[in-house]
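S.K.: What Swiss-Prot records for 126 is active site. Residues or ranges marked as substrate binding site by Swiss-Prot on the basis of sequence analysis: 75, 76, 77, 111, 112.
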């Protein structure tokens, strides 16, 4: 098993020193899913929910969240993100969220992509909870990452 990079030899949490790492192109894609009834999905698609356009607001929330990742995850580095794209699309049984994040820097953007997808899912739940409290947020995961010392990685399909 690989050594955990955020734990020092004494078992204490630490922020990884990336000052000697070269700036390279990095990209990560994460996804999530909010399972809901057909009635709630129709409400989300129509854009006529009480709080407004669910998909547009969730996409914006995901973008904002990616930019705030280092404020939320204690050992994440603050990064200058060059692109954040969040898409919320209707799917069988709910809304599918995909977040794509890019940077050129010394560390990857996996956490930013995961944070964007997670917060977009939470925003969907918040905006539709008046219609259905039993929605389920599921399958939040990293789909792929490119760049960096560890190279490219892609998740096995579902």
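Each Cβ is built from the backbone N, Cα and C atoms, and glycine gets one as well.
So where do these features actually land, and what's packed around them?
M.R.: Note: residue 126 (active site) has non-local neighbours 51, i.e. same-chain residues 6+ apart with C-beta under 8 A of its own C-beta.
All protein chains considered, the CB of residue 76 (substrate binding site) has 19 other CB atoms within 10 Å.
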S.K.: For the recorded substrate site formed by 75, 76, 77, 111, 112, name the remaining residues of the chain with Cβ within 8 Å of the site's Cβ center, in chain order.
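M.R.: Leaving out the recorded residues gives 69, 70, 73, 78, 79, 107.
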S.K.: With every protein chain in view, what's the tally of Cβ atoms within 10 Å of the Cβ of residue 111 (substrate binding site), excluding that atom itself?
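M.R.: Excluding its own Cβ, the number within 10 Å is 22.
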S.K.: Check residue 76 (substrate binding site) against DSSP and tell me helix, strand or coil, would you?
M.R.: coil
S.K.: Under a three-state reduction of DSSP output, how is residue 111 (substrate binding site) classified: helix, strand, or coil?
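M.R.: DSSP call for residue 111 (substrate binding site): helix.
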